[in-house]
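Accompanying notes for the structure given below.
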Amino acid sequence: MAMMPGLAACCVDAAGITAPSPCRTRAPPRRAASFRQRMITAAAMTAPEKAEVLRSLDGWAESNLLPLLKPVERSWQPHDLLPDSSSPGFREAVDELRARAREIPDDYYVCLVGNMVTEEALPTYHAALNSFVGYDSPSSADAWARWSRGWTAEENRHGDLLNRYLYLCGRVDVRRVEQTIHHLIAAGMQLAADGCPYRGFIYTAFQERATAISHGNTARRAAALGDASLARVCGAIAGDERRHEAAYTRVVAELFQRTPDAAMRALGYMMRERILMPAHHMFDGRDAELFRHYAAVAQGLGVYTTADYAGLVEFFVERWGVAGLGHGLTGEGRRAQEYVCRLPERVRRMDARRRHTQLQRVPFSWVFDRQVELQL
């Protein structure tokens, strides 16, 4: 994905950003409900009611989402960006690809593998997307179902493209990478949406923008390292992710227009509960902290950073008009609004503290147990 690799889960948790201290109720004194409990019990709309709002937007989705999907005939395919296996010059083209790959450092390949592993867990993301609106029929003709299938078809090319490139380049332990994909799909993902489609679409909007940033940065890094072909591979994926981000951002913007308090509470909930990365459960059979180590390499290389996450929150605050919401917000909605608007600065303060940590070298099975420098 689809949904991003990276540091957002680490950012908010490590920053020590927690809910306000519990208040006290009047006699008899007792602890008030936690923020999580209050966000659930005080919500004006139930998850089924929110799903019904989304289903009522089928005509809106027809006009605003489906045009963002490209026709198959106009879409790039992995074959277009890799050596042509039917060509007489296939072996020479692969030799050239591998020669360029030898000049690229291991930390880059750790990031590229992490991106690819995340993309390959697409079956999990497809199931999650369908659950947001409550559709599970593979033949449904409504706009949401067609969007889900079309989005999945476009996303499917991402893992295929990166997987084939990594197979050809000779720089990674392909079997260990395949085991990591197997583990991740089997493990599923931890999504703090609790059956709420508003939270689910907020999560997906964040993931798509972050993924676009990550793939865009790997493209720029490949170009800087002299591999224009690899830059085109990563850039093609980043372009898709930007279109997909636009789609999910539109969905959430429409929810803010129609039901601002419910949308604001959902955003506040997701920011406090953490946007936990879909690849958080990645495991290669050896390193129990593989995601943490991979995210630290991405941070150090500038592929996806804490600063990116802070900027991402700011982008959505502006795009969804969060700071300007007033009329229609309950007390809970206003508290969520205040928290979200202050979050980017808190994340940046955490980033400043992180810079004082020491560098370490950690072996990655993906690159044949060679050690890569990172900062934890």
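Every residue, even glycine, has its Cβ placed from backbone N, Cα and C.
Taken from TrEMBL, the feature Fe cation 1 binding site applies to Glu119, Glu155, His158, Glu241. Annotated Fe cation 2 binding site per TrEMBL: Glu155, Glu208, Glu241, His244, in sequence order.
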Open item on the list: Just to be sure I understand: of Glu119, His158, Glu241, which binding-site residues have a C-alpha no more than 10 angstroms from the C-alpha of Glu208 (Fe cation 2 binding site)?
Closed with: Glu241
Open item on the list: Within 10 Å of His244 (Fe cation 2 binding site) (Cα to Cα), which of the binding-site residues Glu119, Glu155, His158 do you find?
Closed with: Glu155
- [ ] Find, among the binding-site residues listed as Glu119, Glu208, the one whose Cβ has the highest number of other Cβ atoms within 10 Å in the structure shown.
- [x] Glu119
